[in-house]
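Taken straight from TrEMBL:
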- 1-12: compositional bias 'Acidic residues' (COMPBIAS)
- 15-32: compositional bias 'Basic and acidic residues' (COMPBIAS)
- 40-115: domain 'RRM' (DOMAIN)
- 1-32: region 'Disordered' (REGION)
Amino acid sequence: MSNHEDDLEVQEPVDQQKEDESQKKGGTDNKHQLKDIDLSSIFVRNLDENTTEDDLKEYFKDCGNIVKVTLRSDKNTGTLYSYIQFQDQNSVEDALVLSEGIIRGKKILVFQKRTNLRNRGRGNRGGRGQPFQYITRGRYLYAEPIRGRGAYRGGK
């Protein structure tokens, strides 16, 4: 009987290791944690280029405790936007009411942060695909694949 109890004690730390590894690999607990963070976060758009984290903290301080403020700039347009994470989800509702307010002379827009899903990007990006040429035969239009891409045969 004591031999069986020793096996149970040895088994417990191994299960704990598996749980830790699954969290590191992005297991279900990690996904739920990210979803909870997204539910307690907002996205702020149309910020002035001189806006600081302190400006945002001051503007949203009445909504609740702010855990994290992230300022980012769009690479293509150079516009500034921000993500703000609150301690609880009720603060998000209060922050959404403050949309269309003014920070540093610009009217801001506030949205609920959406949850980013992996592998939901631009779709299948592989290969060149098969080009088609369109041929008319009578009054019908047919699409036939072009055979080959041609070849360079030299200067002769």
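From the backbone N, Cα and C atoms, a Cβ is placed for every residue, glycine too.
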Next on the checklist: DSSP-wise, what's the residue breakdown of the domain 'RRM' (40-115) into helix, strand and coil?
Outcome noted: 15 helix, 30 strand, 31 coil
Item to check | Segment-level pLDDT (mean, integer) for the domain 'RRM' (40-115) | outcome: 92
